[in-house]
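Visitor: So Swiss-Prot says this about it:
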ACT_SITE  His43  active site, proton acceptor
ACT_SITE  Glu83  active site, proton acceptor
ACT_SITE  His208  active site, proton donor
BINDING   Asn7, Arg18, Asp209, Gly230, His231  3-amino-2-oxopropyl phosphate binding site
BINDING   Arg45, His50, Thr113  1-deoxy-D-xylulose 5-phosphate binding site
SITE      Glu166  site 'Transition state stabilizer'
Amino acid sequence: MTQLSVNVNKIATLRNSRGGSLPSVLKLSELILDSGAHGITVHPRSDERHITKQDVFELQEFLRTYNEKITKLGISKKEYNIEGEPSERFLDLVLKAKPDQATLVPVKPGEITSDHGFQFADQKTFSTLKPIVEAIRKEGIRVSLFMETDFTFYDQVVALGAERIELYTGPFAHAFDLSEEKGKEIFTDYQRAAIEANKLGLAVNAGHDLDTNNLRVFAKLPYLKEVSIGHRLMAQSLVDGLETTVKSYLKVLSLGNETE
């Protein structure tokens with residue numbers, strides 16, 4: 001089954017909008033995991049507008065103790081995924097927090113959310129990423145790169161030593177919002193990308209604006225290892241509750257190729 005990692009940035013955004021400690025990122029992360037999610041994702045930006053450095057390390061400690069408890073019961077370990085730009089700031093954070101996975105994402109100044117994958121046509125991209133990826137891998141941390149469906153440069157991901165790609169699903173989700181037919185049309189690009197990535201030995205993650213509607217289609221993606229979902233999951237939880245929402249996402253993912 002495709003793994004679900006829940007991005008908790010929006011919880012931190014709500015907390016920071018008022019100040020103080022409510023809602024609690026830790027308590028709601030625990031509820032998310034207790035509801036069946038396979039991991040927690042954070043994207044700590046340099047301006048700390050949602051997830052802060054303190055959050056990163058508090059979640060690290062929380063997951064350590066949570067995993068100690070559940071593994072004794074025979075339950076599989078929950079993963080910690082930290083996303084961020086390839087910078088010295090982010091590298092330092094990752095090497096100290098030691099997550100299970102570090103997802104490197106290109107960041108533009110002033111952007112509200114990630115909206116594009118790495119472009120290897122620019123040779124600076126490879127040279128910037130190489131030392132970052134090597135330093136993270138040296139610590140035994142899995143590396144994933146945020147990519148689009150153009151698989152021309154997937155061999156560069158392999159050359160860097162990254163083990164996974166995370167497909168940017170914004171274009172698919174936005175097409176699906178217009179109509180399911182349009183979503184299915186663009187979904188073929190993701191199918192080809194996943195197949196080519198697998199041929200190169202890369203595992204495939206995906207994320208951005210996925211929800212229980214468009215996942216009925218996207219969960220069919222070949223070789224889909226993990227989805228990272230935040231904004232739309234949190235939006236749905238305002239209506240249905242967090243536990244119910246997480247379980248509904250897990251149900252759609254579990255159907256996989258059984259969905260139409």
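Cβ atoms are placed via backbone N, Cα and C, with glycine included.
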Visitor: So of all those recorded positions, Arg45, His50, Glu166, His208, which one's Cα sits nearest to Arg18 (3-amino-2-oxopropyl phosphate binding site)?
Guide: His50
Visitor: Check each residue in the chain of Asn7 (3-amino-2-oxopropyl phosphate binding site) that is at least six apart in sequence and keep those whose C-beta is under 8 Å from its C-beta; list them in sequence order.
Guide: Thr41, Val42, His43, Gly207, Ser228, Ile229, Gly230, His231, Leu233
Visitor: Check the Cα distances from Arg45 (1-deoxy-D-xylulose 5-phosphate binding site) to each of the recorded positions Glu83, Glu166, Asp209 and keep only the ones within 10 Å.
Guide: Glu83
Visitor: Please state whether DSSP places His231 (3-amino-2-oxopropyl phosphate binding site) in a helix, a strand or coil.
Guide: helix
Visitor: For Asp209 (3-amino-2-oxopropyl phosphate binding site), which residues of its chain lie six or more apart in sequence with Cβ-Cβ distance below 8 Å?
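Guide: In sequence order, the residues whose Cβ lies under 8 Å from that of Asp209 (3-amino-2-oxopropyl phosphate binding site) (at least 6 apart) are Thr169, Gly170, Ala173, His174, His231, Arg232.
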Visitor: Across all the protein chains here, work out how many other Cβ atoms are within 10 Å of the Cβ of the residue listed as 'active site, proton donor'.
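Guide: I get 24 for this one.
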